[in-house]
Amino acid sequence: MAIRTPDMILIDVDGTLVDSVPDLAFCVDEMMKQLGREPWGETRVRDWVGNGVERLVRRALIGQLDGEPDEAEFEKAYPVFLDLYAENTSKRSVLYPGVKEGLDYLRAAGYPLGCVTNKAAQFTLPLLKDLGIYDYFGIVVSGDTLEHKKPHPAPLLHAAEFFKVSPERSLMVGDSISDVKAARAAGFQIVCLPYGYNHGEDIRIAEPDLVIETLAHLKGELEQAA
Ligand SMILES: O=C(O)COP(=O)(O)O
Ligand SMILES: [Mg+2]
């Protein structure tokens, strides 16, 4: 399936631009150890990423995606995680193959670019800066910038308003069901990368408009777009 030429493109962070799970898993496991509990390891933690760090900590405490931990345990654990992640935001995180090339193409082709993530701003900005991609984006909407985060459409609509581009002329690029739902609710087109974090499920199940192998593959699709 093809896409229509957009006037603006928003890109997700975790699982799309950045493989951030090595740092997130390190911090979850250190937190678990400090609480006197067993670490989970990267494979388990990978399926819990995508709804912000608070949700990640809650999931780690109960060892599953859905449900709530004991509130007192969460109150103890959360600040431990925040301190750890502040120290380990980008130590082990890397850009996925094709990201730099894709961003260079999109910038050179003149697309206004924004970043929309569920990661809290205190981590998003240092991560983007440390990995050398902060300057590509005209706006960064983090998980705590607005009242709502993805899958709510508000962060996408906020960025569209910032760029003065209508949602129908806008494209979201992401890796998870939250990106697809937010894009659909906002009236954006949605392209997904298959290598990211979608709670262990193939993103094709969510039926995005298009799945591309790497961000660099967006070039060919945009050049063919109507
Ligand atoms: O869950 C997070 O912290 C961020 O996830 P996202 O960048 O894929 O929105
Ligand atoms: Mg993501």
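Every residue number used here counts from 1 along the chain in the order it is shown.
Positions of Cβ are set from backbone N, Cα and C atoms, glycine also.
Note that the structure is predicted; figures quoted are calculated from it, not measured.
In the three-state DSSP scheme, Asp12 (active site, nucleophile) is classed as coil. Here TrEMBL flags Asp12 as active site, nucleophile.
For Asp12 (active site, nucleophile), other Cβ atoms within 10 Å of its Cβ number 27. The Mg(2+) binding site annotation in TrEMBL covers Asp12, Asp14, Asp175.
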Whole-number Å value for how far Asp12 (active site, nucleophile) lies from Asp175 (Mg(2+) binding site) (Cα to Cα): 7
CB-centroid shell, 8 A cutoff, Mg(2+) site Asp12, Asp14, Asp175, site residues removed: Val13, Gly15, Thr16, Leu17, Val18, Gly50, Thr117, Gly174, Ser176, Asp179, Leu193, Gly196, Tyr197
Those residues of the chain, 6+ apart, with a Cβ under 8 Å from that of Asp14 (Mg(2+) binding site): Ser20, Val21, Leu24, Val49, Gly50, Thr117, Asn118, Lys119, Asp175, Gly196, Tyr197
Asp175 (Mg(2+) binding site): secondary structure state under DSSP, collapsed to three categories: coil
